[in-house]
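Visitor: For reference, TrEMBL lists these features for the protein:
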- 36-455: domain 'Major facilitator superfamily (MFS) profile' (DOMAIN)
- 37-59: transmembrane segment (TRANSMEM)
- 71-92: transmembrane segment (TRANSMEM)
- 104-119: transmembrane segment (TRANSMEM)
- 125-147: transmembrane segment (TRANSMEM)
- 159-183: transmembrane segment (TRANSMEM)
- 189-209: transmembrane segment (TRANSMEM)
- 246-270: transmembrane segment (TRANSMEM)
- 282-305: transmembrane segment (TRANSMEM)
- 312-330: transmembrane segment (TRANSMEM)
- 336-358: transmembrane segment (TRANSMEM)
- 379-398: transmembrane segment (TRANSMEM)
- 434-451: transmembrane segment (TRANSMEM)
- 462-495: region 'Disordered' (REGION)
Amino acid sequence: MTGEKKKKKRLNRSILLAKKIIIKDGGSPQGIGEPSVYHAVVVIFLEFFAWGLLTTPMLTVLHQTFPQHTFLMNGLIHGVKGLLSFLSAPLIGALSDVWGRKSFLLLTVFFTCAPIPLMKISPWWYFAVISMSGVFAVTFSVIFAYVADITQEHERSTAYGLVSATFAASLVTSPAIGAYLSVTYNDTLVVILATAIALLDICFILVAVPESLPEKMRPASWGAPISWEQADPFASLRKVGQDSTVLLICITVFLSYLPEAGQYSSFFLYLRQVIGFSSETVAAFIAVVGILSILAQTVVLGILMRSIGNKNTILLGLGFQILQLAWYGFGSQPWMMWAAGAVAAMSSITFPAISAIVSRNADPDQQGVVQGMITGIRGLCNGLGPALYGFVFNLFHVELNELSPESQDKGTKPNMANPTDEVSVSAIIPGPPFLFGACSVLLSLLVALFIPEHNGLSLRPGSYKKHNNGAQSHAHSPQGGPGEAKEPLLEDSSV
């Protein structure tokens with residue numbers, strides 16, 4: 001096995017050297033300098049900074065547009081977007097293997113940011129375009145492919161971590177800036193600024209980002225065929241049952257990430273309109289929990305992995321997630337949300353620990369497939385989670401009434417849509433979906449108990465070996481690498 005790893009490292013170095021030679025010979029489109037991780041970092045920062053600015057205005061527009069079924073419509077909008085992203089991600093990844101990364105970076109950033117100016121022009125079109133933009137809302141997948149093109153295998157963990165940390169940094173600062181500008185001036189200024197930053201990102205890709213996959217390195221340039229196996233979003237999911245350990249890991253991921261995806265789509269709206277947080281407090285909450293989650297995924301995670309081991313770190317993270325969701329579900333006071341937010345930051349250690357146990361146990365040539373399965377399940381949850389949360393909020397008649405400035409000053413919280421039917425439930429469980437999520441994560445914890453600490457993962461029987469050609473493995477690897485595992489706690493599902 002050691003000999004195979006050495007051969008693979010030598011092969012990776014040779015491929016990287018060949019790419020650099022081709023780029024120097026003029027095989028790359030226009031750009032500033034050679035392709036680097038820093039190009040990817042700037043693209044990610046600008047895109048998500050633009051969307052982070054809109055946190056406060058988007059909550060207001062959402063409630064104004066759907067005053068009767070706010071949570072349900074929010075869940076459906078983000079659910080449709082998540083499902084479309086899940087369905088389109090493999091195809092876009094396969095096409096970028098053939099046509100290059102730069103053109104698809106431009107495509108994904110443009111269509112992901114296209115709804116921004118529509119927020120003030122036409123809210124209905126804004127939410128419709130957000131849903132449909134899910135077809136192209138896979139910037140992270142293309143970015144990870146870009147990074148994989150220009151780094152050796154042993155460097156990718158650090159590179160992916162840098163990209164994910166940049167994502168977190170953009171969301172730590174931008175909601176607070178957007179909230180301040182919205183209060184001091186108006187929402188229109190915030191939308192104009194976000195649109196300008198999105199245009200800056202597009203211009204940066206056009207002018208400064210060099211192609212990471214030169215034409216001479218592509219399978220057959222623009223004429224290469226794309227097989228259904230490469231574009232099938234369910235291809236990786238069908239291989240789940242081939243290994244019992246992989247099956248346990250995938251069930252753990254599904255049961256734990258499903259409520260997390262739903263929480264991402266509705267939690268800030270819940271804080272603002274049900275708990276009674278002001279726009280500034282929501283922005284501060286995002287910043288504080290974002291910083292704590294970055295610390296948890298770097299400093300705390302490393303200490304836990306060394307002291308209690310990989311599996312126990314997963315179990316501890318799931319335990320924190322159960323406590324966090326239960327606290328959100330039963331909590332009715334602002335201080336409870338802040339305390340639960342600190343616990344939520346600690347729960348962000350779960351997925352990096354899962355990725356680590358996969359990386360350690362899978363064979364080198366199996367990494368892409370196993371990580372691809374986990375990424376596919378997360379993509380599916382990004383569609384199902386928001387819709388589930390919206391449905392449960394609606395089922396328990398948790399609806400929003402307009403918050404006037406007077407009611408905010410007095411600390412009055414919105415009532416439920418039908419208070420005569422569900423007063424007792426609302427008094428005991430202000431956030432029913434979070435309690436459902438806690439039950440789901442509890443099941444995930446029980447499944448995770450059976451994951452072996454050390455066990456080789458194998459998916460060799462049957463169809464896998466046949467399909468594990470260079471293009472397929474390359475398409476899976478960047479989407480499911482460590483960077484995907486280290487996405488921060490406060491991922492904004494609207495981008």
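Cβ atoms here come from the backbone N, Cα and C positions, even for glycine.
Are these features on the surface or tucked inside, and what touches them?
Guide: Within its own chain, the transmembrane segment (37-59) has Cβ neighbours under 8 Å at 31, 105, 109, 112-113, 116, 119, 139-140, 143, 146-147, 150-151, 159, 162-163, 166-167, 169-171, 173-175, 177-179, 181-182, 187, 190-191, 193-195, 197-198, 200-201, 204-205, 208-210, 268-269, 272-273, 279, 282-283, 286, 492, 494-495, counting only residues six or more beyond its boundaries.
Counting only same-chain residues 6+ beyond the ends of the transmembrane segment (71-92), those with a CB under 8 A from a CB of the stretch are 62, 65, 104, 108, 127, 130-138, 141-142, 226, 230-233, 235, 261-262, 265-266, 269-270, 376, 379-391, 393-394, 398-400, 475, 479, 493-494.
Listed as Cβ neighbours of the transmembrane segment (104-119) (distance under 8 Å, sequence separation of 6 or more from its ends, same chain) are residues 43, 47, 50-51, 54, 57-58, 61, 92, 95-96, 125-127, 129-130, 133, 135-139, 142-143, 146, 187, 191, 194-195, 198, 201-202, 205-206, 209, 495.
A Cβ distance under 8 Å defines the sequence-distant neighbours of the transmembrane segment (282-305), meaning residues of its chain 6+ beyond its ends; these are 55-56, 59, 165, 168, 171-173, 175-176, 178-180, 268, 271-272, 312-313, 316, 337-338, 341-342, 344-346, 348-349, 352-353, 356, 486, 488-490.
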Visitor: Check the transmembrane segment (434-451) against the transmembrane segment (312-330) for contact, please; criterion is three or more CB pairs under 8 Å, pairs 6 or more apart in sequence.
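Guide: Yes, the stretches contact each other.
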Visitor: Within the same chain, where does the transmembrane segment (312-330) have neighbours whose Cβ lies under 8 angstroms from its own Cβ atoms, ignoring anything closer than 6 residues to its ends? I mean 6 or more beyond.
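Guide: Sequence-distant neighbours of the transmembrane segment (312-330): 252, 256, 259-260, 263, 267, 301, 304-305, 336-337, 339-341, 343-344, 346-351, 353-354, 357, 428-435, 437-438, 441-442, 444-445, 448-449, 451.
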Visitor: Taking only the residues in the domain 'Major facilitator superfamily (MFS) profile' (36-455), give me the average pLDDT of this model.
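Guide: Summarising the domain 'Major facilitator superfamily (MFS) profile' (36-455) by its mean pLDDT gives 79.
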